[in-house]
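Asker: Residues annotated as domain 'Amino acid transporter transmembrane' in TrEMBL: 1-367. For 16-37, 111-128, 134-155, 222-243, 263-285, 306-326, 332-353, the entry in TrEMBL reads transmembrane segment.
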Amino acid sequence: MVGAGLLTLPYAMSELGWGPGVAVMTLSWIMTLYTLWQMVEMHEMVPGKRFDRYHELGQYAFGETLGLWIVVPQQLVVEISLDIVYMITGGKSLKKFHDLVCDGRCKDIKLSYFIMIFASAQFVISQLPNFDSIATISLAAALMSICYSTIAWGASVDKGKADGVDYSLRASTTSGMVFDFLGGLGQMAFSFSGHNVVLEIQASIPSTADTPSKKPMWKGVIVAYTIVLLCYFPVAFVGYWAFGNSVDDNILITLNTPKWLIAAANMMVVVHVIGSYQVYAMPVFDMMEMVLVRKMRFSPGWKLRLVSRSLFVAFTMFVGITFPFFGGLIGFFGGLAFAPTTYFLPCIIWLTVYKPRVFSLSWCTNWHLIIQ
């Protein structure tokens, strides 16, 4: 649940300001916890059937064809955009590590080369066949995210409030404030984005009549969201408190001391996004290879995997090099795809399937989240 998007939360705060920023952060945590609960509940809402994929839930609610077209394009945008952002994040963190370690003694290297270095690791790891093959990498990625988020807010506290820190909004014009506000909302939406894989995770949990999968799954969600609370809120609020509107779109880029700790944190980010890239790339790989084999009659095997997956990694690398704007891309993709699949779609599916009584608590809550 804890992702690299948390690194941009202080920047999002600088676009929203203290009042709106705290309110949006708090509401996002509550709203996404509620929609996660809905997803967990709907996983086995039909006796004897489990909805293991988001699009299966959409097909049940909206019909086979319409449900597929509503959910799958949004999921693809989410997964591909995440991999593009992770490509940029990996490159920026490698460059920051290089700059801190060299301390001006080395030749300056452009960001694009570090993105290529990060991509070279993905070219190799992407050849692993399935999720089980990357289990160790995924575990390491999860541990690293907790570590670097703690370093981010801990180092900000250690540094203290910067001299002349300014908490006014970044933009000075009305149009700039509007765009920044929307960007801040998108960045926060991007950060709370675990809904696209929650059904796949729940599908791996055994389920019986006495102990349905939703019981242990909900306990896991509570633990995960407690960790999110302890990681996201300190990074967002302490980072903004320390640097104000001068904070970069990645808090670890703004921090420079203690050098050894910030350098280590940036390498933790690299390890994290190496694993996270694969977590979101694997469903895309499966979909690509299924279409190539079933529709275009390609032979399955390592050759198809080598070509198709390498082309995908090359595509995300090219886009990352062309548009290396971490905060801007997070805001754009957060508003485009993450907000619908995280905030709106679970509520719409819930209303469609359960049909709660008009003006009941469930009906009002879901419509409030959709309209808001």
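Cβ coordinates are placed from backbone N, Cα and C, and glycine is handled just like the others.
Distances, neighbours, how buried they are, the whole picture for these features please.
Answerer: Same-chain residues lying 6 or more positions outside the transmembrane segment (16-37) and placing a CB less than 8 Å from one of its CB atoms are 9, 167-169, 180-181, 184-185, 188-189, 191-192, 194-195, 198, 218, 221, 225, 228-229, 232-233, 236-237, 240, 342-343, 346-347, 365, 369.
Beyond the ends of the transmembrane segment (134-155), by six or more residues, the same chain brings 2-4, 6-7, 125, 128, 227, 231-232, 234-235, 238-239, 251-252, 255, 257-258, 261-262, 264-266, 268-269, 271-276, 278-279, 282 to within a C-beta distance below 8 angstroms of the stretch.
Long-range contacts of the transmembrane segment (222-243) within the same chain: residues 1-2, 6-7, 9-10, 12-14, 18, 21-22, 25, 29, 33, 36, 145-146, 149-150, 152-153, 156-157, 159-162, 165, 167, 191-192, 194, 251, 254, each at least 6 residues beyond the stretch ends and with a Cβ under 8 Å from a Cβ of the stretch.
Counting residues 6+ beyond its ends, the transmembrane segment (306-326) has Cβ neighbours under 8 Å at 8, 80, 83-85, 87-89, 91-92, 111-112, 115-116, 119, 122-123, 126-127, 249-250, 281, 284-285, 288-289, 292 in the same chain.
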